[in-house]
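What TrEMBL annotates here:
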| type | residues | note |
| --- | --- | --- |
| DOMAIN | 41-290 | domain 'G-protein coupled receptors family 1 profile' |
| TRANSMEM | 25-50 | transmembrane segment |
| TRANSMEM | 62-82 | transmembrane segment |
| TRANSMEM | 102-120 | transmembrane segment |
| TRANSMEM | 140-164 | transmembrane segment |
| TRANSMEM | 200-221 | transmembrane segment |
| TRANSMEM | 242-260 | transmembrane segment |
| TRANSMEM | 272-292 | transmembrane segment |
Amino acid sequence: MDQNNYTSLHSFVLLGFSDHPKLEMVLSGVVTIFYFITWLGNTAIILASLLDPHLQTPMYFFLRNLSFLDLCFTTSIIPQMLVNLWGPHKTISYVGCVTQLYVYMWLGSSECLLLAVMSYDRFIAICKPLHYLVIMNPHFCLKMVITVWSISLANSVVLCTLTLNLPRCGNNLLDHFLCELPAMVKIACIDTTTVEMSVFALGIVIVLTPLSLILISYGYIAKAVLTIKSKASQQKAINTCGSHLTVVSIFYGTIIYMYLQPGNSASQDQGKFLTLFYTIITPSLNPLVYTLRNKDMKNALRKLVRVDMNLQN
């Protein structure tokens, strides 16, 4: 059997949590609730920041991009996951699996880089406030976002293509609830050291490099905040940066544990739950994190609710 036969499978079987049927029932309810919260919260942020003239700043431009990214990220995973959780069939077509793999990797990489861009925005706002609007002009902000999406797409194309070219010897059973790169690598029937090293190397570029830049930015931000004499301004800076740091900690913590560790150091079920956390729970928490301590965003959301109520009346 040649390699062409290995890659000509018409579908994959996503085992997910099929060995725990009661858990599947609970998960289907939990996932549906979090998906609804994700859509409601992120859509509200996008609409509020677009409609409120006070939120036409670089910070909210990047936040809109993050919310849009989270909506796409969860939508690329959850509908198929719910179909598999609800029904007896756990299959996904070959084309569907390949599409999910590329999109999932693209959007996940984009979030890593976008969080770094958002930390740079906060660094300029707090450490160089007089030059903020000059440096973070609309053209520069748009250029940074395009760069983020482009680099992430290139990363996805390289890693996913390497993974899909691995021979699978007819094996189409994925011990996961989505077509994730580590799960795809595990079903290969040859030595996968080269691909794993490529994943690790690009993981350093896409994950650890942005994280290092974030930590450096916040080192300077902490130093600048301590020199602010106005308590109100100091508190506002802490609230804004604290929200971003919370999101960074949750997202990067799980990503690093999943992708930058030895392959056998965590159980398969543990890996599935971690994937659930950063693909489903984190996108639903982001709107809460960015709104609960942000007065401008809370005011914009109140206005949005009033407009909606007036339209209904």
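Including glycine, each Cβ sits where the backbone N, Cα and C put it.
Keep in mind that this is a model prediction, so the values were computed, not measured.
Through the fold, the transmembrane segment (200-221) approaches residues 109, 112-113, 115-116, 119-120, 122-123, 126-127, 151-152, 155, 158-159, 237, 241, 245, 248, 252, 255-256, 259-260 of its own chain, all at least 6 residues removed from its boundaries and within a Cβ separation under 8 Å. Along the domain 'G-protein coupled receptors family 1 profile' (41-290), the predicted structure has mean pLDDT 85.
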